[in-house]
Amino acid sequence: MQLEKMITEGSNTASAEIDRVSTLEMCRIINDEDKTVPLAVERVLPDIAAAIDVIHAQVSGGGRLIYLGAGTSGRLGILDASECPPTYGVKPGLVVGLIAGGEYAIQHAVEGAEDSREGGVNDLKNINLTAQDVVVGIAASGRTPYVIAGLEYARQLGCRTVGISCNPGSAVSTTAEFAITPIVGAEVVTGSSRMKAGTAQKLVLNMLSTGLMIKSGKVFGNLMVDVVATNEKLHVRQVNIVKNATGCNAEQAEAALIACERNCKTAIVMVLKNLDAAEAKKRLDQHGGFIRQVLDKE
């Protein structure tokens, strides 16, 4: 696909005079364009759901979720991956974000990194990619060689693959087994795909990881019951989670959390089933960590 023919490289008539308007009008133009992004994502919800089901199946079988991207796309993958351990209590290596150019590229532009097909393959080899893993290639343009080569290599290994881009019929979409293509149109600043395209990608990644965690029993109701208390805010959140899930008071919630080494799931089962920590943990283990199953089946 030629660069000049890509939707993400097109000219947006709504912002053609943006350098001549007031600051407030400038903000309104950007905001009006941003409003279209969730609607673009809504149109691809069936594709997102299909990807979540595949990711969950692979992760349940011992695989990992691997994000692969360059520039903004790579940074978004790293952002999503880095939030999973504290939010859902998963091991750091379960969701991995890879960016063209390596760690230095998180804060700096690395010339030519996104054009390196070898880089995409090598980065996957360096994390010992296996057929159990799912590789999600992220590229607003859908033409990034680093991502395309990574997806090709992943498919050769037998991995399930997902391609996220904002141009229909892109190489990323056709290379991956599953394509998620929210069409957000031309950017306010021509070609600045960190804007609407980046926002769309962030929304999609939010759904992929959150959907995976919900289906993995990391959420009870709408509570993040595997959250790790790494700071005072999260310490308080744990107490509130146990309170909200059980109807107990703060003192009871804190006592249960202390008794089970601050594991929200165990504390919730302790309170709801009137069990000690060891028995509550045992029942959770018997049901794969799903609170709902412990409550419904016993």
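Cβ atoms are placed via backbone N, Cα and C, with glycine included.
Taken from Swiss-Prot, the feature domain 'SIS' covers 55-218.
DSSP gives E83 (active site, proton donor) a helix state. Counting Cβ atoms from all protein chains shown, E83 (active site, proton donor) has 13 others lying within 10 Å of its own Cβ. Taken from Swiss-Prot, the feature active site, proton donor applies to E83, supported by sequence analysis.
DSSP assigns E114 (active site) to a helix. The feature active site is assigned by Swiss-Prot to E114.
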Distance [Cα-Cα, Å, rounded] between E114 (active site) and E83 (active site, proton donor): 24
